[in-house]
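Below is one structure; the comments refer to it alone.
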């Protein structure tokens, strides 16, 4: 079977299995991983007709990771991320380092791995997977703040873990470790990556409005993750943080720099691409089983399984032990306690339970060098790869399948924060549109019949969402409308202006802005379709 044939088969399998996952109501990351495990057995039973699929880690780091992280940053609500920055930082940096240290100690004393490779294993296992966390939590009805914290953690923790991973590998290769030197490298890589991503974001925001060809505009949008990732990696900075920073910055500006048609195309393309990459990633995780097993055929299965259970249990327990103190101890400080109420322990436990490992951990393990500079084999390399694969299955499948049960047992439900923000926004948008229409009626009496036709839905919305109404704002730009469509476009323009104002003042988050802006974009697109 050629590589092209394999890719086509995997694409078809991804679509079919994702559909089946929705039918059986199993989160598709888990379902696709299990399906990949099943498919991988064909290579062992087909007598050579199917060859094992080995994942090239460079493909993950260069092809898969940048667009997925960029999209996550693009869809992040900066207001919500900033308001939960302390909690996110405690998980994405503090917990990653704590997990790395704890796993290193357990791997050294319980399994007998040397200190250097033990810290490498800790760095590999430490970050929960961004893709798995986002894909699963978006389908569960949980409070908005929990989703924000988990998605925010997943944006940053890969960077923390990969920087620690590089430092640990360098220590194994050189035989020397300096805490001060490692800390300095961490700070430089992180701050440098953020700076590169911010610069790329600024440049892209300047370029985008100057591109008038829709095809070129879409192509440039897809290139941004790689434009942010590669320069940072070439400079030995954090490519992950660079991509995330660029995504957050561009996502903040998209409502202002893109046309309605451009936004509709952008979100449609990204939704399809992210679904495709996510599906392929989780199938590929399952398909790695034969290749992983081949590396350790001479070792006892009982011993290997025990090692996986020890490290996997450590990773799960360490997260629980970290999350509860991290949630409550800072609130002993009066200023923080006044600003942030004590969290519900049920919600804290849920955050502690969502520690699913995924593709970044597997790619990091597979990317371990075969040998160190002295010429000796990289110590415990095959064992590290097997343990990593086992922990991914243990957390992604084991914890992932229990998440709905945990949520039900804890009686945790979604809150109405986003719905209330949406109601406020819809009311304010109706007020803004009616104000614009009233201005137009004053400036051009001949347009009154058209204005009255457009006004009716806004008045119905106003009556539905509340009796409040803003004062009239005179705007000369509202004059000279010749058709009912022109009147409606002017009203939609007023709604967009108000929507951005509500976002910029913090009254609504970016999630609500994107939802309502898409409705406005679709409404405007329908005007041109009717012509």
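Cβ atoms are placed via backbone N, Cα and C, with glycine included.
Range annotated as transmembrane segment by TrEMBL, chosen from 120-141, 186-207, 428-449: 186-207. In TrEMBL, the feature transmembrane segment is placed on 350-372, out of the ranges 350-372, 465-487, 488-510.
Below 8 A, the CB atoms of the transmembrane segment (307-329) and the transmembrane segment (90-111) form 3+ pairs separated by six or more positions in the chain.
Here the transmembrane segment (264-287) touches the transmembrane segment (59-78). Their Cβ atoms form 3 or more pairs under 8 Å, with each pair 6 or more residues apart. Of the candidate ranges 90-111, 186-207, 219-252, 350-372, 384-407, 219-252 has the most C-beta pairs within less than 8 angstroms of the transmembrane segment (59-78). Where the transmembrane segment (219-252) meets the stretches 186-207, 350-372, 384-407, the count of C-beta pairs under 8 angstroms peaks at 186-207.
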